[in-house]
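To start, the structure under review is shown below, and the notes come after it.
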Amino acid sequence: MRSVSPQSTMARIPERRVRTLDFAQFRHGEPSGSRGFCRELVDCLSSVGFVKIRNHGISGQEIENVFVMSQLFFSLPQAAKGKAAHPPEANPHRGYSYVGQEKLSRVKDYEKGKREITDVYDIKHYPIDRDARQESYDQGAAVDNLYPNRWPDEQDIPGFRVLMETFYERCHEVHQDILRAIAIGFDLSPSFLTDLCCQNTSELRLNHYPSVHPSSLRKGAKRISEHTDFGTVTLLFQDSVGGLEIEDQNTPGTYFPVLSERKSDIIVNIGDCIQRWTNDKIHSTSHRVVLPEDTDALTKDRYSVAYFGKPSRSQLVGSLREFVKEGEKPKYNDISAWQYNQEKLVLTY
């Protein structure tokens, strides 16, 4: 994971186009078109770290239903959300986290060995914590017996559990297909990466960034500090409010916005584990959530849904020999995916 220079963390440039790919070319296209898609996908992820995909198999109505349910959940009284509360400590990483409970800024330079708590300018409207300005709900696979899910009461929000478990499985299918496409793009067996993720340990998250009035802001306010994701591939669904920015790979420390032309588009980004496996052939790109410059947007709530793909817990996440060229050295030592995730996770709570 690369460092973000303190002098340039607030540098911003106009929107640069993150390419949008048609996933139907991979799933339903001719073999030549499918392989071409895979190579283009790897090219996008290697150069930018992010890509948008459409025609991925999850319908617009399914996505809309999750956003509606997310708004209903976060509008519940605090006591109702608290019935599914995330514990004060990192584990189990399940349930509802209140505004400021998670502190992602603590791990933004983890691979550089910088693990101290960093101070960032944030929204003084919420004095709980200076690092994070969101509330969230996390769940894992229904079959994950190590970390069972924490659900709100059915009478408080009918249908929540069924809808969320179903959507999790839909995202899991897309995650597996993206891993296959990346493997093919590297001229490897389609199952090369999915075999490393056969235990379903991925997580689905609902995010709510409460509305903010301009009078409550100070210079440099952020909703979420710079960070990279822990796992393999992240699938992000976001509303029209905006605020997601990613680091320019050619100018470290400079960020540009990523907008969704359609709510049904999935924004895909690489996580740390694939960066480690590929020996930096693909980087996990630093990203953050800032407040939109549009004055009207400042008063709006922002919602997003993220699926964090992860390897099997026992799988090692050091550099794989398939990605270490002759004359190169492995950049990452072996460590289990579970231990790597835990070392970073415990810093965020």
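Just so it is clear, glycine is given a Cβ too, placed from its N, Cα and C backbone atoms.
As annotated by Swiss-Prot, Fe cation binding site applies to HIS227, ASP229, HIS287, with the evidence given as sequence analysis. For ARG302, the entry in Swiss-Prot reads 2-oxoglutarate binding site, with the evidence type sequence analysis. Taken from Swiss-Prot, the feature domain 'Fe2OG dioxygenase' covers 200-311.
Everything Swiss-Prot records as a feature, shown here on the structure.
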residue : record                      : DSSP (3 states)
HIS227  : Fe cation binding site      : strand
HIS287  : Fe cation binding site      : strand
ARG302  : 2-oxoglutarate binding site : strand
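For the domain 'Fe2OG dioxygenase' (200-311), the DSSP-based tally of helix, strand and coil residues reads 13 helix, 43 strand, 56 coil.
For ARG302 (2-oxoglutarate binding site), the number of other Cβ atoms no farther than 10 Å from its own Cβ, over all displayed protein chains, is 24.
If you take the Cα of ARG302 (2-oxoglutarate binding site) and the Cα of HIS287 (Fe cation binding site), they are about 16 angstrom apart, rounded to a whole number. Counting every protein chain shown, the Cβ of HIS227 (Fe cation binding site) has 24 other Cβ atoms within 10 Å. ASP229 (Fe cation binding site): 23 other CB atoms within 10 A of its CB, across all protein chains.
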